[in-house]
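K.L.:
Below is the structure I would like to discuss, written out as structure tokens.
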Amino acid sequence: MESKKEGVASAPTSPESRRTRSNGKGKTIAEATPPSVTVVSTKVTPSPRGGWRKGAAILDFILRLGAISSAIGAAAVMGNNEQILPFFTQFFQFHVQWDDFPMFQFFVFANGAAVVFLILSLPFSIVCIVRPFAVGPRLLLVIVDIFAMALVIAAASAAAAVVYLAHNGSQDANWIAICQQYTDFCQVTSQAVVASFVAAVFLICLIVLSSVALKKGLKREFGW
């Protein structure tokens, strides 16, 4: 009996069994490494999307199409303008055509050139829609629009002066008003001049819009 008791009492207790018992009782182990904590940042960095600049670029494209349509209409109407009176003599035929007047020739050329410049500027206007913060394309558009506006306003003003003389004449210079005979010719000419001035208004709006957007872009890019 004593030998059995001594055998039971002398049974060694291993460290692994102690750890197992301590784990069973819910105690933490000193040798265990603490779990790592991962910190996730929920801060969202806003990406620039253009905002009102993209809307301004879309409006620029629409105004550009309006200017192209008006200038094409002005050049086409003036370029096809002529009138032949129903009466004639043995030696004379009363006929008037747009190319009889140098100012009307310049009118057709200037509006046609403005149309070409505006059509070539359409891809750059699309680039401004895709990239609202681009500065280079907007600067190029402002330069093209100023040049086209100068052509259109000069042509419309010169043609308007001739149309005024055709309607009213000049007593001081003894110029008669030919519109009393060539009514259809003068009416079509007046319509072409009005269309050209409408194109000039579109171009002025384009220049103002592009200048404001360009100023904001330069301020954002360079701090000017």
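Quick reminder: no glycine exception, Cβ is built from N, Cα and C everywhere.
As annotated in Swiss-Prot:
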CARBOHYD  Asn168  N-linked glycosylation site
REGION    1-30  region 'Disordered'
TOPO_DOM  1-57  topological domain 'Cytoplasmic'
TOPO_DOM  79-105  topological domain 'Extracellular'
TOPO_DOM  127-138  topological domain 'Cytoplasmic'
TOPO_DOM  160-191  topological domain 'Extracellular'
TOPO_DOM  213-224  topological domain 'Cytoplasmic'
TRANSMEM  58-78  transmembrane segment
TRANSMEM  106-126  transmembrane segment
TRANSMEM  139-159  transmembrane segment
TRANSMEM  192-212  transmembrane segment
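For each feature listed, report its degree of burial, its nearest neighbours and the pertinent distances within the displayed model.
P.N.:
Sequence-distant neighbours of Asn168 (N-linked glycosylation site) (same chain, 6+ residues apart, CB-CB distance under 8 A): Ala177. DSSP classifies Asn168 (N-linked glycosylation site) as helix under the three-state reduction.
For the topological domain 'Cytoplasmic' (1-57), the model's pLDDT averages out at 52.
Break the topological domain 'Extracellular' (160-191) down by DSSP state and the numbers are 21 helix, 2 strand, 9 coil.
Listed as Cβ neighbours of the transmembrane segment (58-78) (distance under 8 Å, sequence separation of 6 or more from its ends, same chain) are residues 98, 104, 107-108, 111-112, 114-115, 118-119, 121-122, 125-126, 128-129, 141, 148, 152, 156, 159, 188-189, 191-193, 195-196, 198-199, 202-203, 205-206, 209-210, 213.
Residues of the same chain lying 6 or more positions beyond the ends of the transmembrane segment (139-159) and with a Cβ under 8 Å from any Cβ of it are 60, 67, 71, 74, 78, 103-104, 106-107, 109-111, 113-114, 117-118, 120-121, 124-125, 128, 189, 192-193, 196-197, 199-200, 203-204, 206-207, 210-211, 214.
Using a Cβ-Cβ cut-off under 8 Å and counting only residues 6 or more beyond its ends in the same chain, the transmembrane segment (192-212) has close neighbours at 56, 59-60, 63-64, 66-67, 70-71, 73-75, 77-78, 81, 107, 111, 114, 138, 141-142, 145-146, 148-149, 152-153, 155-156, 159-160, 163.
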K.L.:
Using a Cβ-Cβ cut-off of under 8 Å, list the residues of the same chain that are 6+ residues beyond the ends of the transmembrane segment (106-126) and lie near it.
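P.N.:
Apart from its flanks, the transmembrane segment (106-126) reaches 57, 60-61, 64, 67-68, 71-72, 74-75, 78-79, 98, 137, 140-141, 144-145, 147-148, 151-152, 154-156, 158-159, 192-193, 196, 199, 203.
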